[in-house]
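Structure record follows, encoded as structure tokens.
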Amino acid sequence: MDFFSSEEIVASLGDKAEMKGKLSFVRLCILGIMAGFCIALGYLAFIRITGTAPTEWGSFNNFLGGALFPVGLIALTFVGGELATGNMMVMTLGVLQKKVRVGALCYNWLVVLLTNCLGGFLVAYLFGHIVGLTEGAFLDKTVAVAQAKIADPPIVAFVSGIGCNIFVCLAVYLGALAKSYLGKMFGLWFPVMVFVVCGFQHVVANAFIIPAAIFSQSTTISWWDYLQNTLWVFLGNAVGGSLFMAVPLIFMTKPATVKPRVEKTIQTEELYGN
């Protein structure tokens, strides 16, 4: 299996950040909603496989659900999408390479986060509530997962968010290293599966599971609880993607020394969405 070098990847991710910074508002919104949809559908698969699994299976339930969840990230990577958590690393790399302004980073994070959440809300309401895919026999699991997210104190949600986005950004990085689609799929799959099995908090995934529980009207969770959780998980995800991933990658590589290739190092459309 053939791979790009770390230097090539970091340089290309910086170019990708520059491209993201130039996307029109409408396109950014559409791609953000698509990404939110994809992540939410992966979480929906998790609920459907673990919601009625025998309790005697123990942690094997989470393993099965975790094996399905990465389908969302793989889909948005190949189809195209703007995911806030991945952009926390990519846009930071662009800023550190002086290819993107801090203002463009903040704008991208804000618009993409809001549209990602909108995509999650839509899946939770349309497929979870109206179609009933998170209700009936699957309601107990949906509510239990949502309540566990909300129950975390701020510091726990923050640190959990850091852990989550280390794995998500590692998935983006490993997926970008591989030249083949199969290699990219494996690179994306396993880090995401680990974060799901560990139960780390992902701000976009939470935009599906918590609203799904709220829409069911079978829980005391409020929208205010959701917003508080979102704040701390977002901050943790941002720290994980920027300080724990982007900054070390810059220090470990020298992307400025990489000469552009004919194919612009990597076809950035295949790196991480579009």
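Start at 1 and count along the chain as shown; that gives each residue its number.
Using N, Cα and C of the backbone, Cβ positions are placed for all residues, glycine too.
What TrEMBL records for this protein:
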TRANSMEM  25-47  transmembrane segment
TRANSMEM  67-93  transmembrane segment
TRANSMEM  105-127  transmembrane segment
TRANSMEM  155-176  transmembrane segment
TRANSMEM  188-210  transmembrane segment
TRANSMEM  230-251  transmembrane segment
Take the transmembrane segment (188-210) and find every residue of the same chain, 6 or more past its ends, with a Cβ under 8 Å from one of its Cβ atoms.
35-36, 39-40, 42-44, 46-47, 59, 62-63, 65-67, 69-70, 73-74, 77, 83-85, 113, 116-117, 119-121, 123-124, 128, 142, 145-146, 148-150, 152, 157, 160-161, 163-165, 167-168, 170-172, 174-175, 221, 225-226, 229-230, 233-234, 236-237
Beyond the flanks of the transmembrane segment (230-251) by 6 or more, those residues with Cβ under 8 Å of it:
6, 10, 84-90, 92-93, 96-97, 109, 113, 117, 154-155, 157-166, 168-170, 173, 201-203, 206-207
